[in-house]
Amino acid sequence: MLGIFPWFVLCLRFSLVLALGGLFLCWVLSIPNQRQLSLINRNMVVFYGSQTGTAEEFCGRLAKDAQRYGMSGMSADLEENDMSELPRLVEIDNSLAVFCMATYGEGDPTDNAQDFYDWMQETDEELNRVNFAVFGLGNKTYEHFNAMGKYTDKRLEELGGRRIYDLGMGDDDGNLEEDFVSWKEQFWPAVCEHFGVEATGDDTSIRQYELVFPTDINMNKVYTGEMGRLKSFETQKPPFDAKNPYLATVAVNRQLNQAGDRHLMHLELDISGSQIRYDSGDHVAVYPMNDVSIVNRIGQILDADLDTVISLNNLDEESNKKHPFPCPTTYRTALTHYLDITNPPRTNVLFELAQYATDPKDQDILRKMASASPEGKGLYQSWVLDAQRNILAVLEDMPSLHPAIDHLCELLPRLQARYYSIASSGKVYSNMVSICAVVVEFQTSTGRSFKGVATNWLKNKVVVTDNGHKATVPMYVRKSQFRLPFKASNPVVMIGLGTGIAPFMGFLQERGWMKEQGKDVGETILYFGCRHRNQDFMYQQELEEFEKVGVLTQLNVAFSRDQEEKVYVQHLLKKNNEHLWKLIHTDNAHIYICGDARNMARDVQNAFYDIAEEVGGLTHTQAVVYIKKLMTKGRYAQDVWS
């Protein structure tokens, strides 16, 4: 036991195996030292496939909970581990592999789970007696709800794994937090029964990190907002990715609408000299900053010197996650660049914070909201989620709650990059990436103003500041499968709602460029939906110019609220049903949908079912199969969100 378990952990850590090789492995196996002892009983590994950080956060919570159930857990990034070593998990007593698997896009694995997905598809490894459980994170408004969770659960069983608890399926369109808490409440009793262990009954807070005040501080070694390498924003080096974003200057920031109560904006980010390349349909990820006023107010309430240099160091020395965010840094930097202080806090945060409330009633309320009881779930839904209370609002509305700021920083999730469909073509604008977005701002039921982190931050990015400096945005490009057809002669039908127009601006620019190259370009049709012609008809002049020069064969716009009876894009599709069916069935047209997943994408899909039935003469069942085949062939693509 003393030798086998450390060996497994080292094998799992792919980078460590490559770096140290067999000699170090033999040394660990043969020498009974303190490092070896500290790894004993690490019998639960929780792997995450995460795109926005939620699956990673759930993973950390499960690994931390393990201590309360007589197990020792560790959270592990699928991308950083050699999953071919998974079968060796059986060599550890009472071992368990848990997978928190998010589904990205149209049933795809997240970026960090791609290699694991490929391995599952190709491997013939036997996972006999490997104990596993899976929790999936998805959204029911998408066609392939929880596809990665379902596939992982099914495939691990096919390979011989032993499922110890049912697949959990979280729905982000409903209440993902509630789904996870409910699953977790049943998962742990199943674990206890399977392994014959008992819960310790200890519900006290378990700190994962210790607060350290660095001595002899060299400010050149203090992180100021970098995602990975220290000083990476001062000395930029390609390639640029999630851990090494490019600091692009803002070349254009203009409002797209002149009327209405919403702010629609178009930004252009200069990527000259970055070596960043992108295709029409790709996404740009930007790292925003939190509102300075919220940061300052949190510091004021907690009586904290926000400019104190600190480091939060993992108490588990063997963990590959040494800090919750780049350290050393200051509280101000952590709250501004690294922590999510705007979204409503999850239940585990409320549970941990309860100990700091001096009023017993506040303690009870916080713990109740963190429970799986129907009353607690209802209270969390109404008091936190429906009221959109962020951590500042919680602190303000519970005056007896005065947590240690370092513990709060440990508990809050990471501030994640925001993704936008690129509104330009890399072939036409190789040195520029365009963003189209609506500024999110509304009044909550508590009378507070809720402001979207990224859109409000971008809105205030003036091209040149008062002191003459150019505004910058940390960004990188994420590849997409949302692609124009390989043959330019194929017709394309684009359907977008609101900011869903973004990728189609890139498509139109590229189709125009192809025409200039003398290529035979097929019909290019756009169906665009917005509320009012004079308020949110984005890129109206550009679109009308594309139509005038023949790049855009047909421009169809549905202004839903300009008349008594609402008109949507699906209504316009049905009006042109015969022409659309010819394009799809005879001319090999490609269909693209971008925008709202909850209503628009579903309604548009139903409209195509109707067209296949009414014009194509298919039964409803045949129509559904027909459209599904188009999806499989890549001729019906969606870039949607809820």
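Every residue gets a Cβ built from N, Cα and C, even glycine.
Model, not experiment: these values are computed from the prediction.
These come from TrEMBL:
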type: DOMAIN; residues: 44-188; note: domain 'Flavodoxin-like'
type: BINDING; residues: 50-55, 102-105, 137-146, ASP172; note: FMN binding site
type: DOMAIN; residues: 243-485; note: domain 'FAD-binding FR-type'
type: BINDING; residues: ARG262, THR499, SER560, ARG561, LYS566, VAL567, TYR568, VAL569, GLN570, ASP603; note: NADP(+) binding site
type: BINDING; residues: ARG418, TYR419, TYR420, SER421, CYS436, ALA437, VAL438, GLY452, VAL453, ALA454, THR455, TRP641; note: FAD binding site
Measuring Cα to Cα, how many Å separate VAL453 (FAD binding site) from ASN139 (FMN binding site)? 22
Neighbour count check, CB within 10 A, over binding-site residues ARG262, ARG418, LYS566; minimum at LYS566
Under 8 Å by Cβ from PHE145 (FMN binding site), same chain, sequence gap 6 or more: THR103, GLY138, ASN139, MET169, ASP171
So TYR142 (FMN binding site), by the Cβ count within 10 Å over all chains shown, scores 24
Restricting to the chain of THR455 (FAD binding site) and a gap of 6 or more, list residues whose Cβ falls under 8 Å of its Cβ, or answer none. MET265, ALA437, VAL438, VAL439, VAL440
Max Cα-Cα distance in Å among ARG418, TYR419, TYR420, SER421, CYS436, ALA437, VAL438, GLY452, VAL453, ALA454, THR455, TRP641, the residues listed as binding FAD? 17
Can you tell which of SER50, SER560, GLN570 has the least company, meaning the fewest other C-beta atoms within 10 angstroms of its C-beta, among these binding-site residues? SER560
To the nearest whole angstrom, what is the C-alpha distance linking TYR142 (FMN binding site) and TYR420 (FAD binding site)? 18
If I take the alpha carbons of SER50 (FMN binding site) and ARG418 (FAD binding site), what is the distance between them in whole Å? 14
Residue among binding-site residues TYR420, TYR568 with least C-beta crowding, 10 angstrom cut-off: TYR568
Can you figure out which of ARG262, TYR420, CYS436, LYS566 (the binding-site residues) comes closest in space to GLY53 (FMN binding site), comparing Cα atoms? TYR420
So which of the binding-site residues is most packed in, judged by how many other Cβ atoms lie within 10 Å of its Cβ, out of ALA102, CYS436, VAL438, VAL453? ALA102
